């Protein structure tokens with residue numbers, strides 16, 4: 001309901017935000033007090049959302065301290081931020097928490113949290129791109145030694161100020177992530193950061209303005225500034241860029257705040273004036289994202305309904321489900337969500353996704369069933385043996401000598417018609433799907 005209300009009011013809405021610039025160090029309480037003062041000031045100014053930079057919690061003296069001070073998202077320290085959100089009726093973008101992974105404490109995630117005015121987490125994004133640089137005798141900065149890369153894309157989140165795409169710092173150099181967020185409906189892009197002094201001087205504003213212009217989005221970039229310890233210094237210059245590429249708010253190089261008005265009707269106007277996304281040549285190039293779907297309901301397979309508990313993996317374009325009458329142990333089907341009979345009916349994006357998903361499922365099945373061979377087959381049309389007029393890929397793990405002189409194709413063409421091959425029960429199929437779902 002909340003998301004629906006936002007979408008109805010965002011189109012012409014104007015919203016006031018605060019962007020915070022900090023100099024975090026290894027004193028967590030001092031960092032919190034600095035953030036608290038800024039959040040309180042934003043509350044007094046009736047801001048709807050406050051943006052804090054990457055490493056708002058702390059910046060350690062060394063790799064070991066970065067690891068040792070990491071915390072859970074529901075710890076006592078984070079509860080203080082949730083209480084501030086509730087107290088001031090304000091949303092928080094907490095740009096980069098050192099988020100401890102219980103299964104791998106030596107490599108925390110760098111997590112961007114969105115907390116609503118009730119203190120509830122609305123989104124968690126783990127930084128995808130880690131900055132690793134080693135030039136012998138000159139510089140060594142290996143983020144992967146004390147942090148772990150995220151493994152999934154997080155769709156833009158509905159907030160009171162608009163639909164917000166989440167990124168962190170180094171992610172700004174990878175335009176595909178911003179493009180994906182824009183295509184998923186983002187009106188704003190956020191880049192909480194701790195840019196180094198040299199790269200900040202050269203690229204900070206240029207990168208932020210580029211992401212704003214090419215995606216026709218507001219860009220909000222809260223930043224660290226100044227000397228955190230004798231070994232580390234950040235550039236500062238937190239800023240807000242409008243979708244035309246104009247810097248509409250900016251801090252200098254000290255601990256400070258800047259404020260900006262987000263006018264979502266301006267986003268709509270610019271996109272109407274320059275409809276660049278409708279001019280993209282998707283017939284020549286495309287952006288494929290390996291994205292899992294959060295959809296949990298059943299789906300159509302031609303005229304048949306596939307129950308949700310028989311589906312073990314899905315993306316925005318494809319889904320994978322267990323077989324009613326498997327030819328081999330582990331025989332599953334991959335199908336596009338859109339009901340079309342022929343492979344040639346699929347878009348390029350659907351085709352790419354279908355076969356990428358098939359490859360992932362094949363790898364999982366081979367490992368689980370301890371086999372090294374797989375038959376992957378599309379029966380494209382009635383004369384090719386297709387009995388259900390909906391494109392689907394058969395994935396069949398193979399064992400040595402299982403079908404004599406490789407008679408698998410004859411078996412596939414007739415297995416639905418064999419009276420001795422009894423359909424499995426819903427319970428059997430659901431149990432198998434649970435196993436595969438966990439493995440995927």
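Placement of Cβ uses the backbone N, Cα and C atoms for every residue, glycine included.
The feature active site is assigned by Swiss-Prot to 54, 127, 169, with an author's statement given as support. What Swiss-Prot lists as active site, tele-AMP-histidine intermediate is 392, and the listing cites similarity to another entry. Here Swiss-Prot flags 14-264 as domain 'CN hydrolase', drawing on sequence analysis. According to Swiss-Prot, the feature domain 'HIT' maps to 297-405. Residues or ranges marked as motif 'Histidine triad motif' in Swiss-Prot: 390-394.
Sequence features annotated in Swiss-Prot and their locations in the structure.
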{"residue": "54", "record": "active site", "Cβ contacts under 8 Å, 6 or more apart": "95, 96, 110, 168, 169, 192, 193, 194, 222, 223, 224"}
{"residue": "127", "record": "active site", "Cβ contacts under 8 Å, 6 or more apart": "96, 109, 110, 111, 112, 147, 149, 150, 167, 168, 169, 170, 171"}
{"residue": "392", "record": "active site, tele-AMP-histidine intermediate", "Cβ contacts under 8 Å, 6 or more apart": "301, 333, 334, 335, 378"}
Outside the motif 'Histidine triad motif' (390-394), six or more residues from its ends: residues with CB under 8 Å to it: 300-302, 327, 331, 333-336, 339-343, 345-346, 354-355, 358, 375-380, 412
Per-state residue totals over the motif 'Histidine triad motif' (390-394) - DSSP helix, strand, coil: 0 helix, 2 strand, 3 coil
Three-state composition of the domain 'HIT' (297-405), taking helix and strand from DSSP: 31 helix, 32 strand, 46 coil
Secondary structure of residue 54 (active site) (DSSP, helix/strand/coil): strand
Coarse DSSP state, helix versus strand versus coil, of residue 169 (active site): helix
Cβ neighbour count (within 10 Å, all chains shown) around residue 169 (active site): 26
Taken over the motif 'Histidine triad motif' (390-394), the model's mean pLDDT: 97
